[in-house]
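Here is the structure we will look at.
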Amino acid sequence: MLSVTLREKLKSSNSNDRYIAIVNHIDQLESTGRVILNVRKDSLQHVFEIGNILQIKTTLQKNSPPNNPDQFDYSKYLENKQIFAQLYADTDEIRINTEIEKNIWYYTSKLRSTIIRNLEKSDFHKTELNVAIALILGQQQDISPEIIRDYQYAGAVHILSVSGLHIGFILLFVTFILKPLPNTKRGSLFKLIIILSSLFLFGIIAGLAPSVVRSVTMFSFVAIGNHLRRSVNIYHTLLVSILIILLFEPSFLFDVGFQLSYIALFFIIWLQPLLASVWLPKNKITKYIWDILTVSFAAQIGTLPLSIYYFHQFPGLFFVTNLVIIPLLSIIMVLGVVVMVLAAFGYVPFVFAKPLEWSIYYLNKIINSIASLEQFIIHNISFNYSLLITSYLLIIAAVIWFKKPNFSKFIFLLITIVILQTSFLQNRYNIQNQQEWVVFNLKKNTLITERNGNDVSMYANDSILKISRKNSTLNSYLVGNFSILKTKKRLQNIAFFKGNKIMIIDSFGIYPKNIKPDILMLTQSPKINLERLFQTVSPKIVVADASNYKTIQKLWKATCAKQKIPFHATGKKGFYKLN
């Protein structure tokens, strides 16, 4: 029996409602830690509140490692967020305490719920409402996968997470509202208190995500510096905000959004003035457009290596996206803050709500139009850690040289180019000297690859062969190994790899009788008597992929144990690799 307190609602999956929960007790023993609670959906539609204390009859399950090579490591992602286990439960296994833990998370959740409920009552269209909640409150749980994909392809997904751009708008808006107040000692102090309180309150309402915490902390230092009438060194502000955030939450260092936010901000501060100085337009409109472009390019140059390293794609029209959406986003943020504040008090005036809804509608339309130009989106870019580091060395060396060119800086730039080329050559050499045979873990399907250098041959059942180019598991493997798919073939009963004979038995149960295999692979639940088969063959290992029924795999495992033959079920142990 576990006792947990619900802390945060996550995006639901097809079968489960998901929450971040804090462990209180395990079998009456006081414990602590963060877990993910997965509650199976049912027809009764049970709804839990943040702050609910739950008693659950279940056991902790350690985060599972990836089941396939070069797959996104969700367990590592959770561990970086200090979440080391998950709970799975049906609603009848959960008992809700009458007591609710009323802390800051409870009250902010209540406030968000009130805002959302009042907006829904105002006939705000659901699609636009979900985007508004993401833009203003940082809550992405209800945005459709199609909308998120459009924002990713258009290079605008960052605006769906509350970040420096949003907090900057809040600071400017609050400062504008307080402008009539006198700049006396008391007046300035009152302004500072209101600004800091507004930023802090907004950060709490937005869920204190890493990007929100970073932005609120940094702009708070800017506001304090302005109050003290001192020129704020933005690099010092940036560094102090990093140190303070990591002092309280060291795990933020490994958060992708945290890394991208700070790098983007650093390059905007460091590189944008250099880009802007290339051309100095006199027309105000032209200057405004040029400033947006230079900010976009500075941020994109800074985040490019890290973005490709994590996401393996590049949106070629990012500058068009930013040029179009930033003016529209300014309107949305001002209207959004006003509407959200009024909605918190149960009042959503048509004069503000409808323009906000229309603005978001057109924003989504623009994003969708840009995202539909898929020929400008580069997918499946192979990029590893060594290329990440050497790319940043080259970018930094290039910027240093362009700022104040001299011979020594030029030599350093040339050296970084050679280092990057060496990294490419080293990767290519390593890949060319590798050979491996892999059985993947795919439910109800069979996928085997044979890789020689960067050439991959694929063997699969018909359903996988038809969609091989769109198969995310296969694409992740190709990208992770700098490889290309050379051939696609149907499964054969016999395969050979580096002196090993591999016999594959599928649903037909047909196999050559005169072969003595080193490896026996079972797929598609063949109706065979494994004990009888072992009378004629003695494989070194038996491999069963996830296309087999679990009940049959249990019988096979027991039979292999009797014969002292290793049994590898991909559903339990993940992919099987022979190299």
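The backbone N, Cα and C atoms fix where each Cβ goes, glycine too.
Here the structure is a predicted model, which means the values were calculated and not measured.
Residues or ranges marked as domain 'DUF4131' in TrEMBL: 5-93. The domain 'ComEC/Rec2-related protein' feature in TrEMBL is assigned to 135-404. The transmembrane segment feature in TrEMBL is assigned to 153-177, 189-213, 234-254, 260-280, 292-312, 324-352, 383-401, 407-425.
Per-stretch counts of Cβ pairs under 8 Å to the transmembrane segment (260-280) identify 292-312 as the leading one among 153-177, 189-213, 234-254, 292-312.
Of the two recorded stretches, the transmembrane segment (324-352) does not lie close to the transmembrane segment (407-425), with fewer than three CB pairs under 8 Å once pairs fewer than 6 apart in sequence are set aside.
Away from its own ends, the transmembrane segment (189-213) comes close to residues 8, 104, 108, 111-112, 137-139, 161-164, 167, 170-171, 174-175, 178, 181, 219-220, 223-224, 227, 245, 249, 252, 255, 257-258, 261 of its chain (Cβ-Cβ under 8 Å, at least six residues beyond either end). Ranking 153-177, 292-312, 383-401 by CB pairs under 8 A with the transmembrane segment (407-425) puts 383-401 at the top.
If you look at the transmembrane segment (153-177), the same-chain residues 6 or more away from its ends with a CB under 8 A from one of its CBs are 131, 134-138, 140, 143, 191, 194-195, 198-199, 202-203, 206, 209, 211-212, 214-216, 218-219, 222-223, 257, 260-261, 264-265, 300, 315, 317-318, 321-322, 325, 329-330, 333-334, 337, 367, 370-371, 374, 377. Secondary structure counts, DSSP: the domain 'DUF4131' (5-93) has 10 helix, 39 strand, 40 coil.
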